[in-house]
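Asks: Below: one structure in structure tokens.
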Amino acid sequence: MVDSLAANAQNAPFPKGKLVVLKYDMEFRITYANEACAEFLGTTREALIGTSMKDIAHPDVPQELLADVRGTTAAGRPWLGLSKLKHRSGGVAWSSALTIPIRKDGRNIGFMSLRSPVSAERVRTEEALYDAMRRKKSRYRSLDMPVRKAVSSASLLGLLGLFGGAMSAAVAYAGFATGLSSTAGQVMTLAGVTGLIAVPTLLGALWRRCVTEPASTLQAFERIAEGDLTSMLPVGRSDEMGRLMESLMYMQGRLKVMLDEIRLAATLTDAENAALLDQVASLQRAAQAQRDHILSVSAATEQNSAAVSEVASGARSSAEAAGNALSLVARGRDHLNQTVSAAERTVLAVEGANQTMKVLGESIQSIGTISAEIREISDQTNLLALNAAIEAARAGEVGRGFAVVADEVRKLAERTAHCTGNIAAMVGDIRRVADNVAGNMQQAVAQVGTASNSAGDSLTVIEHIEQGSGQVAKLAGHIADASTEHSTASEQIARDMEKISGLVEHSVASIEAVDRATDAVKAHIGNMRQLVGFFRVVA
């Protein structure tokens, strides 16, 4: 079944230009996985958290390999080798894994695995090793074991060679001195030759240990100094230099992870900064539009205030005209009272009828004049009421009550015009009566009675006109007061609009300051990217 899985699984591509990072606790449960790791395994970071190393390992991986990873890292040493993980789609995720301990205060607190791409040739070699291990024809060994074994074997062989050479020389010298048999001399000579043959091997091991390895170590240091953190450090030695290389490898791994996280944070911050710039631009456009609307409303409010002031002035003029009309009506009432008194006196003294009729004629003339003036005032009041209704319609909801008042004023003006028409007709009748009195004094008493009755009716009409004129004056006063209050409110609105406009200007300035600050953040992000770009963390 394992062979079937290995044959059918497809290799998942390694994220290009990215570093795959996994962190484990002491039980090798995942505590951290970066976005590149989630992409590599076809899953999410949240789904990986809490998963054990065995759960994400491919079933084809020998348990001996997993045990070696645990044992090597638990001993505080780095583990380097190929890793075969399960992809969510059922495929295989191959990578080169460097697993190092995470240390704090001199003890392990977890493990960190850094993964990089691996060639197809190395994958085939590893698959062959897995197959041999399944068939019990091979066993897994840590990568640093052959190095230590080779050095130890070479050292031992060299020491044996030196010892054999020394023994051979000593025995040969003793043989010559004591006269040993030729056979014994040959044996000792052969041992000496064998020892001498081992000397180059020892010299090669010493050359590699004293010259080649320090040179490669120096090259690795130089690459790290240049910001290249992708170079593989020579590890595997168990002496102080080996521990130094392992510690440097820990630092190299931590730096790679830290720089990758800084790069990711810079990318995310740059994206958030771009979104913030878009929002700031939108706020700037909205604030500008709001400022334009406020200016338009302020201008319209000022125009409305001027119009309301004109209406208030017109209403005051109407109130004054209504007051004048009321005075004229009062005077007309007085004249009619005088006419009634004259008519009564005419009944008592016919002799004074002619003079009385003259007075009556003059009074009638005055009544006609007054009626004409009242009619003119009524027409003006009607015109003012019409203008007031128009202005109320312009004022909208605020002028609705004012429109009702203006309509009532118009109706009163129409009634006044009607009454003055009646008065004019009555004046004509009185004139005709006066002319008839001049021709026939015999009918003076009857005519005077008729005139008295007509005067009484006129007095009643004038009283009605007086009442209507008083109401018109009162309504005009109310209109004037309301217009004044409206004008005051409009002026207050205009002042408030100016304050709001100032606040909007302040908001625009604040938004521009945020925009400048965002540009500064963007520049800082660019500088941080430039600094991080000095280091190379992915091959």
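In case you wondered, yes, glycine gets a Cβ from its N, Cα and C as well.
Among the features that TrEMBL reports, domain 'PAS' is placed at 21-60. Feature annotation from TrEMBL assigns domain 'HAMP' to 219-260. For 265-501, the entry in TrEMBL reads domain 'Methyl-accepting transducer'. Annotated transmembrane segment per TrEMBL: 150-175, 187-207, in sequence order.
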Asks: Cβ under 8 Å, sequence separation of at least 6 from the ends of the domain 'PAS' (21-60): give me the contacting residues as numbers and ranges.
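Replies: Hits for the domain 'PAS' (21-60): 2, 5-6, 9, 12, 14-15, 66, 69-70, 83-89, 91-93, 95, 102, 108-115, 130, 257, 260-261, 264.
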Asks: Taking all residues of the domain 'PAS' (21-60) together, what is their mean pLDDT?
Replies: 93
Asks: Pull the DSSP breakdown for the domain 'PAS' (21-60) and write it out as helix, strand, coil residue counts.
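Replies: So the counts come to 15 helix, 11 strand, 14 coil.
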